[in-house]
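The transmembrane segment annotation in TrEMBL covers 15-39, 51-74, 94-115, 135-156, 183-206, 230-257, 263-286. What TrEMBL lists as domain 'G-protein coupled receptors family 1 profile' is 30-283.
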Amino acid sequence: MERNYTFTGDFSPEAVAGVLSIEMILALIANGVVLVITIYQRKSWKQSSTIFFTSLILAHLALTLYLPFTIAALAAHEWVVGSTDGEKQGTCSFTAFVILLSVYVMLMTLSLISIDRFLSIVKPHLHKRFMSPRVALVLVIIVWSFDLLFFSTGFIEDSGVEFRYIDYLGICYAFTTSPVMAIFRFFFASLIFIIIIVTSVWTFCFTRKFINNQSMIVGESIYASKKKRLFGIFGSMLLVYGIFFTPSIFFSALLAIVDSPGVLTISALMFFFLVVVLSPVVQAYFRPEINSVIVNIVCRKILKKKHNPAATSSTCNSSSAAVELRVSSLDV
């Protein structure tokens, strides 16, 4: 059956392509910098959290593969990747598969980070006993393998998932076509969100109670007040995902039922890709091994004009040490 690969929407596809291009460049820079520094900092690989955060960065980078195809299609007012209908359907299916895979890897990795954080703070003896870097790597491999195998069924006809071009949006997307698959995806996504919410609330309440107990012992002092920061890296990342990810979830669910408004849906897509830009920025701020390297590089660039290597080195080292201490106190 011949498909329509021509854009029929009522918004400016060129403007959307421009915004997505900027987001793609920023995402590649932000995630690339964090990934390179993480690889460079070999000591951090002894922590399970580094494995999980790196998986999240790789999911972000995989998600950016969706953008070049979509940007080209929006700019040309049609799906131009492929010369025949078969080739266009193949590239369209690939991009829809990439966004579906990346989103579920991101969500499952967030749940692993939430569990790791819960064990580290609430059950440290269990964390030390069971959550080693090797176990973390195995869990990450299981997540990627499961999502790859499960969502690859979309390439099989009558599998319950269909990859197709949405002409009034100018993008490719994955549709759930069977009730069984719809129910499975709903309960699967619900389970992920329940894990994140329960472990996060439990960790927050435990930490708050611990800090209040310590405050009663120590009393009101500057040292006690500095510890009253419960948000940390995971809370900040949840805030970013909650603000920019929620609209896309709503409109993607709406797409399965009716044709949602084109302008609102494409706006939600642009909001969604801000997650891929801001999430690595949050990591760069809260992770001491990343933050200290960035501060060190910036510091050396600024003080290079003084032509005093010894002073520059000592100043930058003390600055990065201070930043590492400050950030570690925030990472609850």
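Glycine is treated like the rest: Cβ placed from N, Cα and C.
Predicted automatically and left uncurated, TrEMBL annotations should be read as such.
Sequence-distant contacts of the transmembrane segment (183-206) (same chain, six or more residues past either end, CB-CB distance under 8 Å): 107-108, 110-111, 114-115, 117-118, 121-122, 176, 230, 234-235, 238. Remote same-chain partners of the transmembrane segment (94-115), defined as residues 6 or more beyond its termini with a Cβ less than 8 Å from a stretch Cβ, comprise 49, 52-53, 55-56, 59-60, 62-63, 65-66, 69-70, 136, 139-140, 143-144, 147-148, 151-152, 154-155, 161, 163-164, 172-174, 189, 192-193, 195-196, 199-200, 203, 234, 237-238, 241.
Sequence-remote contacts of a segment are chain residues at least 6 beyond its ends whose Cβ falls under 8 Å from one of its Cβ atoms, and for the transmembrane segment (135-156) they are 48-49, 51-52, 55, 93, 96-97, 100-101, 104-105, 108-109, 112, 116, 162-163, 174. Across the domain 'G-protein coupled receptors family 1 profile' (30-283), mean pLDDT in this model comes to 84.
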